[in-house]
Amino acid sequence: MAATKSEPLDLDLTAEEARAEYARLSDAILEADRLYYQEDAPEISDAEYDRLRRRLEDIEARFPDLAGTGAASTSVGAKPSEKFAKVRHAVPMLSLGNAFDDAEVAEFVARVRRFLGWSDDTPLAFTAEPKIDGLSLSLRYVNGRLDTAATRGDGEVGENVTANARTVQDIPAVLAGAGWPEICEVRGEVYLSHADFAAINARQEAAGKPLFANPRNAAAGSLRQLDPAITASRPLRFFAYAWGELSAPIAETQTGVLEQFATWGLPVNPRTETFTDTAAMLAHYRRIEADRAGLGYDIDGVVYKVDDLALQKRLGFVSRSPRWALAHKFAAQEATTVVEDIVINVGRTGSLNPLAKLRPVTVGGVVVSNATLHNEGYVKGVGADGEPIRDGRDIRVGDTVTVVRAGDVIPKVMDVDLTKRPADSRPYAFPESCPACGSRAVRAINPRTGRPDAVRRCTGGLICPAQGVERMKHFVSRNGFDIEGFGETYIEVLFEAGLVRQPADLFRLDFEELKAAIVARREALSAERRAESGTAEPPKKAAKKKGDEDDKAIKNLLAAVEARRAVPMNRLLFALGIPQIGEATAKALAKRFADMPTLIAAIREAAAAQPGPDWVELTAVPRVGGTTRDRLLDLGFPEDDAAPAKERARLSAVQRENLLAHYGDVDAVRAAIAQAAAQRPGDAYRVFADDGEIGPVATDALLLFFSEPHNADAVTALLDAVAVQPMERAAAASTFAGKTVVFTGALEKMTRNEAKAVAERLGAKVSGSVSAKTDLVVAGPGAGSKLKDAQKHGVRVVSEDDWLAMVAQG
């Protein structure tokens, strides 16, 4: 992965701007996690993902009240797919913190020493092992026999892939030797060698099937097959490097555990070594980096771990990662080639993603023919804040470019050689309509900068086929319409059959149509599996049994849909999947407006009263903000500060300097203020934007959504199909009513979202940070800084079991 430093935090960020950016970052991270862990088809590089994570952490550090309010704050991986049975990890599978240069590694070592209270001359051993680029897997052995195999999932709940794991040659069904504890959870990475990956892709190509992008995707897709015979046909490998639940300790050091694993027949990486000196650790990193091309499998860095397990226990965890471990990522690998075409892919959230079709070139031992171009600005050579990138050089068809494999996942075009640009080349014209549905594609105004967002998005929303499956999954989810049993498989079947294109279609489903679609999908998948694995057609008796099971499942599904014909208004608003309209904003809207017709009428009025672009731009000037903006509009921009205070807009030196820097000179500032004054928002707009629980960012997203006729029509059709009820009210008599509750650490009996929903239903406010005003902290395994804050402020701390007992009592 590219060695990428975090960008400096914009200290002029207001609380509202921070909340909006935090929400966008959280959504982007969760979507990236889903694509990487569930779909095995990432759309951004590791480096881009790390930048998102670091920006999120920067904002949390600057605005502590936001910490934990976004699901991405403490998320690990992604929710397990509904195609597999679920396994709750006895010990959560967390992720690692990252380092991108030597200084960050040195700071990690120093941080560990500070935490332990050790001086620099006290010996402290670290292991250093290659970071395998594959799929994390947890193997649970009971009395030495493989009992369960589960993927990481979201860190707390994974997918049961036991039958598939049994086909992996490196994974012993029975541990060798003796001395293993009764319960022994072994964790490691499933991967494919370069040679086996090439052979699999050759077979895919010969069969006319899509090729895998890289070994990691191929390994993940192979392990997560519904048919174990397909997994068995692919030569997956496994390295063990960690553990989960142990009924008894097996060693005193990380090194000792790995040695014990090896005696039990579990493969461990031979390039793992132990060091007591930071310089030696970094030298080992350089050796591994130099040797990576010849290893025969993909790695994307080196992982350092404190060797002493007693010290690991003392160091503990913070947020989503251990204090005692760090991943030191590799720099990117690059090559030069030619852009043969630029195409647009529409992402599942409506983003228009430009992709460069390249003349095939080998980068780091892998043939690359596609590379991400990120967004419209990146193609034009313009950054998110209008600054030039690549010195302003745009990217065109026919250009000779430098391609980088950042993190060995998604190749990226980094630079352009203008000396080789064809004389007849033309700038790329980015589409202003969605290639998938023809709806307008827009770049929303970023309230922090006053400039358009980097990503152009389709406004088709509910009717765009590229977004359809993901939108519908959100619609039926637990926090949306909560239609029991309606998993992603059913949604995919309905979309493929053309039975569902918008939410209202769910309430028009017919038994026979649904059954025909399910049978057709199963027969197609069965034929594909038989062709790949060489197995025979199932007997008719088995087919009849399956048909009977289908009938029962379909009846249950239709009954579940019917049971949701009455829905609270806040759930309906959240289920629509409108950007920036999360659960809290949906509740605020349902609280302010009596019913959907009233809300829709208010939206129409607000759309006619929106502020103009000059008003938005003035608000976005650093350090100006709403209060100063309004004084400028009322009193104008003074040439100096000699006028009486009541007659001038009181400006700080920094505000005055920023205004002049933004607009050019005093006359330009005054002209801009005059134009902004003529474009003030009307009262109908401010009803939404000035509401502290809604705000201007969510307001603009709401108006944009309903401005698209397709979306408005889809909502109208849905309202014709269901009865909308007032928002669910909290239980006033509950002992939790009006209390502030914070959850920290891993919850074992329910997910974080479920716990939050329970607390809110009982009238509590769930916060992401601890203060003296917090009433209760529920702490699970891995609780970190929030637990310390609770102890500092004298806040009551309870376990998850205690919390559930309190809930049962009301």
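Even glycines carry a Cβ here, placed using N, Cα and C.
Going by Swiss-Prot, these are the annotated features:
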BINDING   D46, A47, E48, Y49, D50, S95, L96, E129, R152, E189, K305, K329  NAD(+) binding site
ACT_SITE  K131  active site, N6-AMP-lysine intermediate
BINDING   C434, C437, C458, C464  Zn(2+) binding site
REGION    528-548  region 'Disordered'
DOMAIN    731-810  domain 'BRCT'
By Cα-Cα distance, the member of recorded positions K131, C434, C437, C458 nearest L96 (NAD(+) binding site): K131
Candidate recorded positions K131, C437, C458, pick with smallest Cα gap to R152 (NAD(+) binding site): K131
Separation of alpha carbons, D50 (NAD(+) binding site) and C464 (Zn(2+) binding site) (Å): 30
Minimum Cα separation from C437 (Zn(2+) binding site), reported as the residue among recorded positions D50, K131, K305 that achieves it: D50
Residues near C434 (Zn(2+) binding site) in space but at least six apart in sequence (CB under 8 A): V346, G350, L352, R440, A441, C458, T459, G460, C464, A466
Cβ packing number for L96 (NAD(+) binding site), 10 Å threshold: 17
Cβ-centroid neighbours of Zn(2+) site C434, C437, C458, C464, 8 Å, sequence order: V346, G350, P435, A436, G438, S439, A441, T459, G460, G461, I463, P465, A466, Q467
Coarse DSSP state, helix versus strand versus coil, of D50 (NAD(+) binding site): helix
Where K131 (active site, N6-AMP-lysine intermediate) falls in three-state DSSP terms: strand
Packing count at C464 (Zn(2+) binding site) (other Cβ atoms within 10 Å of its Cβ): 24
Between K305 (NAD(+) binding site) and K131 (active site, N6-AMP-lysine intermediate), the C-alpha gap once rounded to whole angstrom: 12
Rounded Cα-Cα span from the residue listed as 'active site, N6-AMP-lysine intermediate' to D50 (NAD(+) binding site), Å: 16
